[in-house]
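Below is one structure, written out as structure tokens; comments come after it.
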Amino acid sequence: MNHSQQVPSRDQLLAKTGVLLIVDQITPPSGPVAKGVTPTVKERELALFIAVSDDGMVYAFNGHVDLGTGIRTSLAQIVAEELDLRMDQVHMVLGDTERAPNQGATIASATLQISAVPLRKAAATARRYLLQQAALRLGCPPEMLRIEDGTVIASNGSTLSFAELVQGKNHQLHIADDAPLKAIEDYRLVGRSAPRVDIPGKATGELTYVHDMRLPNMLHGRVIRPPYAGHDSGDFVGNSLLAVDESSIAHLPGVVAVVVIRDFVGVVAEREEQAIRAAHELKVSWKPFTGKLPDLSDVAQAIRDNPRVQRTVLDQGDVDGGIANASQRLSRSYLWPYQLHASIGPSCALADFTAGQIRVWSGTQNPHLLRADLAWLLACDEARIEIIRMEAAGCYGRNCADDVCADAVLLSRAVQRPVRVQLTREQEHVWEPKGTAQLMEIDGGLNADGSVAAYDFQTSYPSNGAPTLALLLTGAVEPVPALFEMGDRTSIPPYDYEHMRVTINDMTPLVRASWMRGVSAMPNSFAHESYIDELAFAAGVDPVEYRLKHLSDPRAIDLVKATAERAQWQPHTRPMQTQAEGDVLRGRGFAYARYIHSKFPGFGAAWAAWVADVAVDRRTGEVAVTRVVIGHDAGMMVNPEGVRHQIHGNVIQSTSRVLKEQVSFEESTVASKEWGGYPILTFPELPAIDVMMLPRQHEPPMGSGESASVPSAAAIANAIFDATGIRFRELPITAERVRAALGGEGQGPDAPAPAQPSTKRSKWWFGSLAGVFGAALGMLATALPWRAEIAPVTPPGVGSWSAAMLERGRQVAAAGDCAVCHTVSGGKANAGGLAMDTPFGTLYSTNITPDPETGIGRWSFAAFERAMREGISRDGRHLYPAFPYTSFRNINDADMQALYAYLMSQTPVRQEAPANQMRFPFNQRPLMAGWNARFLQRGEYQPDPQRSAQWNRGAYLVDGLGHCTACHSPRNLMGAEKGGSSYLAGGMVDGWEAPALNALGKSSTPWSEDELFNYLSTGFSEKHGVAAGPMGPVVSELATLPKSDVRAIAHYLSSLEGEPQALAANAAPQVDTHVSLSNGERVFKGACLGCHSDGLGPKLFGVSPSMAVNSNVHSDLPDNLLRVVLHGIPTPATRDLGYMPGFKDSLSDRQVADLAAYLRHRFAADKPAWQGLASKAAQVRANPGSH
């Protein structure tokens, strides 16, 4: 492991006594620069590569970092080989700016091919020196000495350890180009598979990842990003902040600071959860943002419309003449989508800006470039900044790892304490520099003899280096667009075309973008290899044979032949030659490439060839890559098994990119905010991978990391063509694209669902309240609009009631759910203030604690009982029937007295309820007198002598204390609960559907008494789902009741025999044409399946409800499902259920609509399709309700 803080720095080693140092003067690379900009030549510096210490340690240093590719192991093998050490005797240090040489960014798989060369020479230099020193001491020629495990051994048995040879002096040697390298025939480590040195520490939980790094006195930070995600240029960048209201989080515990520098806004707190909450609740005002991204609904056209600067990197023969004279012209366009680096863990960093020194623990891919950016940001010398590189959550390219380091530095500077910052998942996905889209256009064709007439290739690459975000937000750099010459990787095809022209269209980004694995080479090779496949079939020649005709590179020819042989390739000249297996079509595709990386003309890395086998379901359009045979020639393989690991990883990642990955945009903003909106390949979808590595141990090592992925897209697309006869020139090749290309045959996820019935459910009681007042006016002659005040009394003493009565009162209060409506989130129980939004205004629940001024402390029992039974307050005012006195009138006297005693014995809370905000005429309380005269019945509940005691107890609790009809019965035009067949037939409350309870045994998934009992007791039923919304706190209260009472409620409800709602018979199938069920399926698999896997996945946090039987999915209305998806279940009904996150900050209205439509189609296919889901999702998002 790289416990680099325990390793002396370069300066410490240079000053140390008892050490052999192998150094060299190097000129640090400048890093990528914009087109037309002259790179800044940095001063030469002394770089340290090898340190042999008298404490027995051998340190080796390389400026690149290990991204999970295993270079720490391979580099250690190289050093150990040259110095005849064991692997455990080499401490490999990577990337740390105070220790490792500045060898530039870790990109293009260039570590072993380029950056390891000086390290190997340094080890050879050290070996020669140590042998020379030993020869002098032992009095024998160096040829008579050998080295074993760090000890020099003479032929007579005399020994000297490395530590002894370097004692007492500081030996500094420059790398000697003439130092003899070990003969390949003598290798004992290089060329043999070695276990990864990093795996044991990761497997046993050693401190490895930057996310786990902690320091004493450390604080936690979070950042609030501006509204222009996806942009890194424009006048608004760094100039959009209006105000930050620090008072909005003044009440939160643990907040240390709010840091504002132009558009950079961050919060610092003592604990991480405090920082998260502060960032969420801090009120930040931004200027209205109108600078939207270009219209990316048509990415290809957006690229074509983007200004460009052309450069031709190859022009040979007569391209125009060849095209003009072609017997068959083929003009093709290929499109690569925007993709994410998709780091599994959001970027994280820890900065310590104290005592004049700045230290940053980072997962960066570019430590030295990051140090330069931070020096620019802080306007200080680079020497003050130390980057300590730790491993991160996986990224090949430029994600937000550097951005978050700058965030942490700014926050640490503000508070002068170490600060750890981690981005949210949404920030990582939205703000990371995307892997850019790329458009490749080819014009060419065939001659009459099947030879290539001409090849005119253009590639357009809208990307650049994506400046570190804090530099832009703080105004340290100007937000001007820049052109980077990075679209030319592997732009020249590997084939010998006589007439060929290659043109690069350099352009500024459409979206914040930067390099990603296979920078421009994967897209370019997708076009090259798809096009030659088309040429082969058009010429009537087998695709492998056709490639071989146009290859002259001997190693390429050997690889193509060997790979075809390994895969048992069957020559063919037409697609669809494999017998279909029912609805499954099978095909094979071939592709070859050599990755050419770095600044044009670049360097050639490893050669790679793919044979991909696919299965295509022509009914659903689903594509499975079932097997990949991959041939690979990387020259000398330092660690063959490590190379194999890299190839496997590349196959998996590139298959995911070809079949699934695409950033989605809505209204010109990034919509892929989490895994539901950006699906990646899952374990069940992995292909079988057969790796064939050509033995080339006498050849120089070539970069192998990215090379294996370069032919991937074309191989898979060519295989799909072989299976279906259809060419796909745009990625990803998703099921809906395949199904559409196949003519829409079959039943895919988008197949029509049954029709939506025309019947509509009634709304919350205010929905039709307008009719109340017209009727009430006609009743004023017989109803009293004003009632007498009942005089206030002195609050009863605390000891006025027995413990038994108080316990009975507690149970009555629990059964009546008093605290559910009379307590705000985070507030004192029963102190009121809960807002209840209605179409006609807002009501606020009252304070029912015994406070004499703001509560019911001066209410007599008579006043309390009148309010409960008649809806009249102590002062004579009418209450709105949102307070369910129409049910509470059923409560018997003993329970009413117990409830009064319980409430009056609670701790008083002085809290004035906000004034109701009802619009005229609904704010005229006297008008409720007529309503009461018409709909309020009198008297307590009377038991049914024909029924059991349990049934009667259940009816009493349901119709009285529990006031279930208040939510679960529909209302008439005057807002009163309907009876008869409509009793408990369902209703709406606070935007939630309260389902029908009067025919539970006849519902689509029948409720048994036991299921209902379990649900009411725990909030969960395996056959129906989880209690959410207003039902959650109801269950919480029911859980405190005697089990016999809950059983009585279940018994009573299960006995009801209402009429189940019938579906429209033989209705014409309808589908909401504005939703994509395929996209909904992807969202479900990416965001939901981990928990809702029908028992197939792990049980992690509480229950994992099945969507197949979820009542919300089978409901006539989508409201409850949408509310749970968007707002989650932040407070579960009982602790064992587990928390469900809401996705309102992660999924757009369209994505939520697609998800809901898919769930309905997948799990309730016999029900009518929901309509207008996107608008309904927007409505639910804007109106979260109070539950």
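Cβ coordinates come from backbone N, Cα and C, glycine included.
What Swiss-Prot records for this protein:
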type: TRANSMEM; residues: 764-784; note: transmembrane segment
type: DOMAIN; residues: 804-907; note: domain 'Cytochrome c 1'
type: BINDING; residues: CYS818, CYS821, HIS822; note: heme c 1 binding site
type: DOMAIN; residues: 949-1057; note: domain 'Cytochrome c 2'
type: BINDING; residues: CYS964, CYS967, HIS968; note: heme c 2 binding site
type: DOMAIN; residues: 1075-1163; note: domain 'Cytochrome c 3'
type: BINDING; residues: CYS1088, CYS1091, HIS1092; note: heme c 3 binding site
Revision key, fill the gap. Within 10 A of the CB of CYS1091 (heme c 3 binding site), the number of other CB atoms across every chain shown is 18
Review point. For the binding-site residues listed here, CYS967, CYS1088, which shows the highest count of neighbouring CB atoms within 10 A?
Key: CYS967
Exercise for review: For CYS964 (heme c 2 binding site) and HIS1092 (heme c 3 binding site), determine the Cα separation and express it in whole Å.
Suggested key: 30
Study note, to complete from the structure: If you measure between the CA atoms of HIS822 (heme c 1 binding site) and CYS1088 (heme c 3 binding site) and round to the nearest Å, you get 34
Check your understanding: Taking the centroid of the Cβ atoms of CYS964, CYS967, HIS968 as the heme c 2 site, which other residues of that chain lie with their Cβ within 8 Å of it, listed in sequence order?
Key -> GLY962, HIS963, THR965, ALA966, SER969, LEU984, GLY987, VAL989, ALA994, LEU997
Exercise for review: Based on Cβ atoms within 10 Å, give me the single least packed residue among the binding-site residues HIS822, HIS968, HIS1092.
Suggested key: HIS1092
**Study point:** Helix, strand and coil counts within the domain 'Cytochrome c 3' (1075-1163) (DSSP)
**Key:** 40 helix, 2 strand, 47 coil
Revision key, fill the gap. Within 10 A of the CB of CYS821 (heme c 1 binding site), the number of other CB atoms across every chain shown is 23
**Study point:** Env. residues of heme c 1 site, Cβ within 8 Å of mean position of CYS818, CYS821, HIS822 Cβ
**Key:** GLY816, ASP817, ALA819, VAL820, THR823, ASN830, GLY832, LEU834, SER845, ILE848
Check your understanding: So which other residues, same chain and not among CYS1088, CYS1091, HIS1092, have a Cβ within 8 Å of the centroid of the Cβ atoms at the heme c 3 site?
Key -> PHE1084, ALA1087, LEU1089, GLY1090, SER1093, SER1104, PRO1105, MET1107
Exercise for review: Write down the Cα-Cα distance for HIS968 (heme c 2 binding site) and CYS1091 (heme c 3 binding site), rounded and given in Å.
Suggested key: 29
Point to revise | Averaged pLDDT, computed only over the residues in the domain 'Cytochrome c 2' (949-1057) | key: 88
Practice item. Kindly report the helix/strand/coil residue split of the domain 'Cytochrome c 2' (949-1057) according to DSSP, in that order. Key: 53 helix, 12 strand, 44 coil
Review point. Near CYS964 (heme c 2 binding site), how many other Cβ atoms are within 10 Å of its Cβ?
Key: 21
Check your understanding: When the Cα-Cα distance from CYS818 (heme c 1 binding site) is computed for each of the binding-site residues CYS967, HIS968, CYS1088, HIS1092, which gives the smallest value?
Key -> CYS967
Review point. Tally of helix, strand and coil residues over the domain 'Cytochrome c 1' (804-907) according to DSSP?
Key: 43 helix, 10 strand, 51 coil
Study note, to complete from the structure: The binding-site residues listed are CYS821, CYS1088, HIS1092; by CA-CA distance, the one closest to CYS967 (heme c 2 binding site) is CYS821
Check your understanding: Quick one: Cα separation, HIS1092 (heme c 3 binding site) versus HIS968 (heme c 2 binding site), in Å?
Key -> 27
